[in-house]
Structure formats: structure tokens, C-alpha cells
Amino acid sequence: MAKEPVRVLVTGAAGQIGYALVPMIARGIMLGPDQPVILHMLDIPPAAEALNGVRMELIDAAFPLLKGVVATTDVVEACTGVNIAVMVGGFPRKEGMERKDVMSKNVSIYKSQASALENYAAANCKVLVVANPANTNALILKEFAPSIPEKNITCLTRLDHNRALGQISERLNVQVSDVKNVIIWGNHSSSQYPDVNHATVKTPAGEKPVRELVKDDAWLNGGFITTVQQRGAAIIKARKLSSALSAASSACDHIRDWVLGTPEGTWVSMGVYSDGSYNVPAGLIYSFPVTCSGGEWKIVQGLPIDELSRKKMDLTAEELSEEKALAYSCLS
Ligand SMILES: NC(=O)c1ccc[n+]([C@@H]2O[C@H](COP(=O)([O-])OP(=O)(O)OC[C@H]3O[C@@H](n4cnc5c(N)ncnc54)[C@H](O)[C@@H]3O)[C@@H](O)[C@H]2O)c1
């Protein structure tokens with residue numbers, strides 16, 4: 001029997017990530033090739049015409065899995081009945097703007113969208129925040145949607161995770177699908193810590209640690225980390241626009257693994273509400289290694305943490321605590 005359609009909200013759908021993301025969802029890349037979807041697309045009034053253009057293109061693409069499109073500037077209409085919410089819309093930092101001003105704009109957006117999700121989304125709606133500052137926007141959303149379980153509110157660090165896999169695959173000249181179990185710890189910002197201490201590569205002689213194969217700790221502890229941390233800036237420099245197709249693809253990876261499960265023996269990175277694991281302060285949305293099964297994520301426990309990693313994990317936690325304080329100061 002055909003499955004019931006899943007309603008997927010994409011906010012900021014007229015923007016560049018939205019434009020790359022909605023066809024991926026409609027093609028089954030996010031939820032699988034047998035899962036019909038109804039797309040809910042939200043943007044703001046100045047983008048209404050562009051949003052309507054995206055709606056027209058979705059119809060013209062005649063996606064067999066796409067069972068309906070809601071394109072609206074009304075947040076309540078957008079959020080009603082959604083099972084999955086991908087929050088891409090936000091206020092970007094413009095030249096000359098103070099951090100506090102950008103934070104304040106995003107706090108007010110995420111506060112009101114949290115209430116709409118709280119009141120109108122389907123029970124057990126899963127939320128992925130993509131818009132920056134992604135971790136802190138997700139935290140605000142969590143605060144203002146108290147009836148949505150905190151485990152259902154996450155932010156995107158899968159793009160950073162995939163970037164780390166990509167760097168290792170290039171360096172070793174191996175297939176990216178043979179590299180696994182890198183970790184992104186912390187914030188989706190340049191303070192994040194991409195960690196390869198537990199990562200492995202599938203070789204004809206079995207799984208081997210990345211460190212053993214790369215044989216260059218100076219690079220793994222230096223250039224590799226900064227390349228992943230700064231990759232977003234490198235894309236902007238090259239494209240004059242921020243990453244969009246890779247962000248959209250990673251958002252699909254994040255939701256797909258969350259809903260359908262991670263492969264046995266593999267973990268992924270997700271920004272989730274910290275419970276104090278690995279001595280990360282509780283109450284931050286922090287990126288951890290997680291496995292997923294039955295629609296639930298679980299932080300991978302018990303990984304040994306060396307001194308260098310500890311320092312880097314604490315540094316990014318400190319930045320998140322500062323962001324949290326700044327966000328709260330915008331509320332008062
Ligand atoms: N977490 C990640 O890995 C990651 C990666 C890349 C980009 N990003 C972030 O994703 C966001 C979107 O990037 P983009 O390149 O698509 O930007 P964009 O400017 O092309 O699109 C953003 C869209 O959001 C809309 N918008 C603004 N306020 C809104 C609101 N209140 N409600 C609904 N829509 C609203 C805008 O009108 C625009 O159409 C940015 O914040 C960017 O920094 C995150």
C-alpha cells in the first residue's frame with residue numbers, strides 16, 4: 001500500500017539553499033524513493049514572487065513523489081500539520097552590522113516561528129535548523145516551543161562532517177564512501193572542532209584508522225582542521241555566494257539518517273541539545289557524534305578524548321555559551 005505523504009516545511013524556500021533543497025526533497029533524496037511528500041514553503045513578503053516561481057518550477061518538474069505544494073508568506077499556514085521542519089530562513093549578517101543586531105533579528109524570527117511550530121505542527125515534528133547562527137537559533141526555537149520534545153530540535157553540522165570526510169578522501173585518494181566516523185564537535189562556526197581520532201577508512205586489508213593511513217599528524221592537527229573550519233569562507237570567495245548545493249544535500253543526509261537510521265557501525269554529527277555528555281555544558285545545542293535508530297538519535301558514548309581535543313571541544317563550547325548569553329540579552 002502507498003505510504004501517506006509526509007509534510008516537509010522549508011523556510012527561506014526562495015533563497016539559494018531552498019532552491020537546491022526543495023527538488024531534492026521532492027525526488028525522495030531526503031525521505032526515500034517510496035515516500036510521498038507535501039512541501040510547505042515559507043518566505044517573507046518581499047520574496048513572495050520568487051517563491052511563487054519556485055512553486056511553478058516544482059509543478060513543471062512533475063515529481064512523482066510530490067503530492068502537494070504550499071507556498072506562503074503566512075507562518076501559521078506554513079507550519080500547519082508539518083512532520084519535518086527545515087529552517088533555512090533567517091537574517092544574514094550584512095556589512096557593518098554588529099553581531100548583537102544580527103542575533104537580535106534572528107532571535108525574534110526564531111521566537112515567532114517556534115510558537116507557530118509549537119501550536120500548529122504535527123505531534124512529534126522533527127526540526128532541523130540550518131540558518132546561522134544555527135546552534136543558537138535552534139536553542140531559541142527550543143526555548144519558545146516547550147511542548148516540542150528537546151530531542152526533536154537539532155541543527156545542521158552534517159555539512160562540516162561531510163567536508164571532513166571529503167578532505168580525508170582527497171588526501172588519501174580513496175572513495176569518500178569508504179571514510180567514516182569523523183566527528184564535528186561544537187558550533188557550526190569557525191570554532192568547531194573536526195576530529196579524526198576515531199575515523200577509519202575501509203581498505204582491502206580491513207578498516208584502518210585515518211591517522212595510521214595519513215601518517216601526518218601535523219596536517220591532521222593543523223591544516224586539515226582549519227580547512228574544514230574555513231571551508232564556508234573558501235566557497236564564498238570562489239563562488240561569491242555561500243555554499244548551497246552542499247548545504248542542501250547535507251540537510252537531506254541529516255534528516256534521512258535521523259528518520260531512517262545510521263548504518264551499523266557508523267555515526268554522524270548532529271547539533272543536539274547537550275545533556276552534559278563529554279563534559280560539554282548541558283543546555284547548549286552542541287554538535288556530537290550520534291547514531292540514529294527508530295527515528296531517535298543517541299550520542300555515542302565513551303570515546304577517549306585526548307588533551308588537544310579537550311581544549312578544542314571546550315573552546316567551541318565557550319563560544320556557544322557566549323552566543324547563548326548574547327541571544328538571551330536580546331530577549332530582555
Ligand atoms: N548550517 C549550515 O551548514 C549552513 C550552511 C550554509 C548556509 N547556512 C545558512 O543558511 C541560511 C540560508 O542561506 P542561503 O544561502 O539560502 O541564504 P539566502 O539569503 O539565499 O536565502 C535566505 C532566505 O530566507 C528568507 N527569509 C528571511 N527571513 C525569513 C523569515 N523570517 N521567514 C522565512 N524566510 C525568511 C529570505 O527571504 C531568503 O529567501 C543562512 O543563514 C546561511 O548562513 C547554514
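Any Cβ shown, glycine's included, is placed from N, Cα and C.
TrEMBL: automatically predicted annotations, no manual curation.
Lifted from TrEMBL, the feature list:
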- H188: active site, proton acceptor (ACT_SITE)
- G12, A13, A14, G15, Q16, I17, G18, D43, N106, V130, A131, N132: NAD(+) binding site (BINDING)
- R93, R99, N132, R163: substrate binding site (BINDING)
- 6-153: domain 'Lactate/malate dehydrogenase N-terminal' (DOMAIN)
- 157-325: domain 'Lactate/malate dehydrogenase C-terminal' (DOMAIN)
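Sequence-distant neighbours of A131 (NAD(+) binding site) (same chain, 6+ apart, CB under 8 A from its CB) are T11, G12, M87, V88, G89, G90, N106, N137. Considering other CB atoms within 10 Å as the measure, the emptiest surroundings among the recorded positions R93, R99, R163, H188 are those of R99. Of all the recorded positions listed here (A14, Q16, G18, H188), H188 has the Cα closest to the Cα of R99 (substrate binding site). Spacing of R93 (substrate binding site) relative to the residue listed as 'active site, proton acceptor' is 15 Å (Cα to Cα, whole number). With a cut-off of under 6 Å between the Cβ and any atom of ligand 1, the binding-site residues R93, R99, N106, N132, R163 reduce to N132. Counted over every protein chain shown, other Cβ atoms within 10 Å are most numerous around N106 among the binding-site residues Q16, N106, N132. Sorting the domain 'Lactate/malate dehydrogenase N-terminal' (6-153) by DSSP state (H, G, I as helix; E, B as strand; all else coil) yields 67 helix, 28 strand, 53 coil.
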